Amino acid sequence: MRILTGNDLKSGAVIWWTGRDWSLHVEDAADVGEHGEAVLAAEDGARRVNGGYIVDAEQTAEGPRPAHIKDRIRALGPTVRPDLTLKPADPTAGDWVI
Amino acid sequence: MYQYDQYDQAMVDARVEEFRDQVRRRLAGDINDDQFKPLRLKNGLYLQLHAYMLRVAIPYGTFNSRQMRKLAHIARTYDRGYGHFTTRQNIQYNWIKLEEAPDILAELASVEMHAIQTSGESIRNISADQYAGAAADEICDPRPWAELIRQATTFHPEFSYLPRKFKIAVISAAEDRAALRWHDCALRIVRNEAGEEGFEVYAGGGMGRTPFIAYKIRDFLPAAQIFSYLQAILRVWNLHARRDNIHKQRMKILVHELGEEEFRRQVEEEFQTFLALGTDFPQAEYDRIAAYFTPPPFEAGLSDDIDRSDPDFALWVDRQVVAHKAPGYAIANISLKPVGGIPGDISAEQMELVADLAERYSFDEIRATHAQNLVLPHVRKADLYALWQALDAAGLANVNLDLVTDIIACPGLDYCTLANARSIPVAQKIAERFANMERQLDIGELKIKISGCINACGHHHAGQIGILGVDRKGTENYQLLLGGSGAEDTSQAKITGPGFDEAGIVDAVERTVERYRELREPGERFLDTYRRVGLDPFKEAIYG
C-alpha cells in the first residue's frame, strides 16, 4: 500500500493523509494507490502540509506500517525519548519501529 | 563578554520583525515553501523529522546566566522542556512551532541572542576554545578576535550568499580544544620572535562526505590584517567554487583541487589587493571589542589547596577540573553525558541550576563546548566542593571528561531528516557497556564520536574510535573507524572493514578497547597505541 505523509505547516508535526484530512496517527492513513501525487498537489495548494511525500507501507492488524525505519520513527517519535512519542504510556512502542 | 550596543540591538530587533512578517506571509499563503525555506534557514529554523528545529547561536560558546535562564524559559514555554547542545557550541530546540518562532526570536533578542547564520550558506557560528580567557596555557583571550570577525562578517554583503556554509575556529593555546584543523578556516594566535601577536592560518578543512584536514597557509599573519586575509580567502573560494555540484561546493574541495600551493598563491595575491584597499579594521575597533573581554576581578592571595577528603569529590576534581591562569581558581567542566542519557541534552531545570551556579561561583560566565558539555570557567578552588554538591544533586556531576563514555553523538535518525541511522542509542549502549568507573579510568582518554550519516555532525572522522551510521537496504548499519583526532595531533580516522548492526557495533567497540588494553605500553593513550601498532592488530580483534 502507499500512504502520504508530510509536516503540518503551522506546528511542524508529522501528519498522515486519511483520505479526507490529515491525522497525527499513522493508523489513520489511507491507501492512496496511484493517486498520491494528485492529492499532494492539491494539499500543497491548500497550505496545510509541508514537504509531503509518498511512503510505501504494509497493512497490519494495527494499521499501516511504513516500510522504512525513518518513516516509522517519524510516525512514533524519537526512540530514545518514549515520553515524547505519540504513545508515551506504552514502553514497548519502540519495538514497532525496529 | 561582549554586550550589544544600540546598533547591535536595533539590527537584531529589526531582524525579528522582518522574520515575523515572513512567517505571516508564509502562513497566509502569500509565499510558498520554496520561497520561504531560504528565509527561515537564514534565521536558524529547519524542518526536521518530527517538527521545526531552531538552532540558537552562542558565539564562541560564551554566554551568561541571564541568557541561560532565557534558554530554559524557551525550552519550557515553547518546546518540550529541554535543549540540545551541539558540536558547534550552539543550542537547538527540536519541537518548535512555526507560528511561535518569531516570538522565540524576540525572547532571544531581549537577552542579546539570535539564530542568525546558524544555518544556510553563510559564515556559521564561530567556535573557540571553551577555556578562552581562563586557560593556563593560552597566549591571550582569543574571543575578541572571534567577536571582531563575527561583527565584520555578519550581514556582510559579500558573504551573504556563499557557495556553501563556512566554519571558522579561533584558539590561542598549543592544546587544541576546538578541533581547529577540521574547519574551513582555522586561526591559532601565536607570537613571533619580536613578541608580536599574529595568526597561524589554516584553510580547507572539513568533515562530511569528503573529509580533509586544513593546510597551514600562513605561518604568521600580523593580527591587525586578519580581516583582509579572511576576505581574500573567502573571495578566492567565492570566485572558483563549484556551484554546479552540491557535493563540491565546500572550500575544502577547492583547496584540494587547486592544490595547497596554488590556493595559497591566489589568496596571497588577493590579500595584496585588500591591503591596498585598506580594509583592515581600525585598532580602535579592536580595542572597543577587547574591552568587553577584560578578565573578571579575580581575588588575590587565594589558596590553591583543595580539601580532597571526600573521595567522590576528589574523583570529580581529578577528572572534571583543569588548571586556571589565576592562582586559587579552576575551570570546572560539567558533563552532559550521564550514562544512558542523550549526549548534549539538558533540561530546563538543569539549565536554571547551571545559571544559578555560574552567577554564584563563576563571575556569571558559562561556556558550551564542541564536545557537547558545559564549562564554568572561573571557579574559586575553595568553592569547588559546594559547586560539586549542587551539580551532584541535579545529576550534573558525571565524571567522564574525555573518557570512553564522554561520547559526541549527532541527533541521528531519532531527530534528523538527513540521517540514515540512529546515533543516540548506540552512544547510550556503549556508555552502558563501559559504565564501570574503574574500567573507564583504566582505559583512560578515549574519544568516541558517532554520526548518523556522512555529513559527520558527530565528528566520526575525528574519533579515536569513530562510528558512522549508514543505510543498508533500509536497515541501520554502523561502520567502525579508528585513529582520528580533533586535537593538536589532528588525524583522520580509517574505516576498519564491514559494518555491524546496533548490537554488533557495541561488541566491536569493546573488542577494540580490549585489544588496546592488551597492546598498550605504560602511559599510552588508545590513540598512541593505535599509531604505534597500526590498524591490523585491531582488525584482527574486531573481525577475528
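Cβ atoms here come from the backbone N, Cα and C positions, even for glycine.
Any TrEMBL annotation is an automated prediction that lacks curation.
Feature list (source: TrEMBL):
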{"type": "DOMAIN", "residues": "B:52-110", "note": "domain 'Nitrite/Sulfite reductase ferredoxin-like'"}
{"type": "DOMAIN", "residues": "B:119-272", "note": "domain 'Nitrite/sulphite reductase 4Fe-4S'"}
{"type": "DOMAIN", "residues": "B:342-394", "note": "domain 'Nitrite/Sulfite reductase ferredoxin-like'"}
{"type": "DOMAIN", "residues": "B:404-542", "note": "domain 'Nitrite/sulphite reductase 4Fe-4S'"}
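Among B:52-110, B:119-272, B:342-394, B:119-272 has the largest number of CB pairs under 8 A with the domain 'Nitrite/sulphite reductase 4Fe-4S' (B:404-542). Counting residue by residue with DSSP, the domain 'Nitrite/sulphite reductase 4Fe-4S' (B:404-542) contains 56 helix, 27 strand, 56 coil. In terms of DSSP helix, strand and coil, the domain 'Nitrite/Sulfite reductase ferredoxin-like' (B:342-394) has 27 helix, 13 strand, 13 coil. As a whole-number mean, the pLDDT of the domain 'Nitrite/Sulfite reductase ferredoxin-like' (B:342-394) in this prediction is 98.
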